[in-house]
Amino acid sequence: MPMKIAPSILSADMSAFASEVKRIEDAGADWVHIDIMDGHYVPNLTFGAPIVAALRPKSKLFFDCHLMVARPEDFVDSLAEAGADQMTVHANASQHLHALIQKIHKQDMKAAVALNPADPVSLVEPVLGQVDMVLVMTVNPGFGGQAFLPEVTDKISQLVRLRQERELDFLIQVDGGITDQTIKTCYDKGADVFVAGSYVYGQDDVEQAILSLREAVI
């Protein structure tokens, strides 16, 4: 399947979110990655459903909401109402992961689960038949601009194997330290969706930044 580039607005100019999302949409991004943090699951505090709702009329991009929160079940209804297309929850943040995934789907959103660098793939194996995507964190969650952790990319290969063995079709996303130097490792191991924040928004020409990510895997 074609690769998808999902720039993270965590690295955008927070005083001008609407124009920053338009920049990446015009530049050829496939999704926009929206990091929602509550200051509890991770130390950082970012934004929530009101920002998603404010951006929704401004963009036709797929809104990929990544929740780094202690109680993800509390966000499902508000994010659905705000216009989120997908909700990614950390597998270790919910004691009732199956029920949470069902609740997300009931609100007509896609459901995804995330693995921290220290989390084994076995943590999400029981729900692979339910989810639309698995996110492999290639940095520790909470802050942008961290260095890529190559040792965790073996989890991509494990997920690809499980996807093939079980004849499933979930996407595999990677998030953290993705640049034109690190993306090919993830692509070659089977990742489908690539979150890039600092690399895209750190360049004056975001169109060229996105293009360079696509060209790096050729």
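Yeah, the Cβs are placed from backbone N, Cα and C, and that goes for glycine too.
Sequence annotations record features per position, and here TrEMBL assigns substrate binding site to SER8, HIS66, GLY142, PHE143, GLY144, GLY145, ASP175, GLY176, GLY177, GLY197, SER198. Annotation comment: TrEMBL describes HIS33, ASP35, HIS66, ASP175 as divalent metal cation binding site. According to TrEMBL, the active site, proton acceptor annotation covers ASP35. As annotated by TrEMBL, active site, proton donor applies to ASP175.
Feature map: TrEMBL annotations on the structure.
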residue : record                             : DSSP class
SER8    : substrate binding site             : strand
HIS33   : divalent metal cation binding site : strand
HIS66   : divalent metal cation binding site : strand
GLY142  : substrate binding site             : coil
ASP175  : substrate binding site             : strand
SER198  : substrate binding site             : helix
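Taking the binding-site residues GLY142, GLY144, GLY177 in turn and counting surrounding C-beta atoms within 10 angstroms, the largest count is reached at GLY177.
Excluding the listed site residues HIS33, ASP35, HIS66, ASP175, the same chain places ALA6, SER8, LEU10, ILE34, ASP64, CYS65, THR88, LEU135, VAL195, GLY197 with Cβ atoms within 8 Å of the centre of the divalent metal cation site Cβ atoms. The local packing around ASP35 (divalent metal cation binding site), expressed as other Cβ atoms within 10 Å of its Cβ over all shown chains, amounts to 25. Around ASP175 (substrate binding site), the same-chain residues at least 6 positions away in sequence with a Cβ under 8 Å from its Cβ are SER8, HIS33, HIS66, ALA114, LEU135, VAL136, MET137, THR138, VAL139, VAL195. Looking at GLY144 (substrate binding site) and ASP35 (divalent metal cation binding site), their Cα atoms lie 10 Å from each other. Apart from the site residues SER8, HIS66, GLY142, PHE143, GLY144, GLY145, ASP175, GLY176, GLY177, GLY197, SER198, the chain places the Cβ of LEU10, SER11, ASP35, VAL139, GLN146, VAL195 no farther than 8 Å from the centroid of the site's Cβ atoms, the recorded substrate location. With respect to their backbone Cα atoms, GLY177 (substrate binding site) and ASP35 (divalent metal cation binding site) stand 15 Å from each other. Counted over all residue pairs in SER8, HIS66, GLY142, PHE143, GLY144, GLY145, ASP175, GLY176, GLY177, GLY197, SER198, the record's binders of substrate, the longest Cα to Cα distance measures 16 angstrom.
Among the listed binding-site residues, namely SER8, SER198, the Cβ with the most fellow Cβ atoms inside 10 Å is that of SER8. When the alpha carbons of GLY142 (substrate binding site) and ASP35 (divalent metal cation binding site) are compared, the span between them is 9 angstrom.
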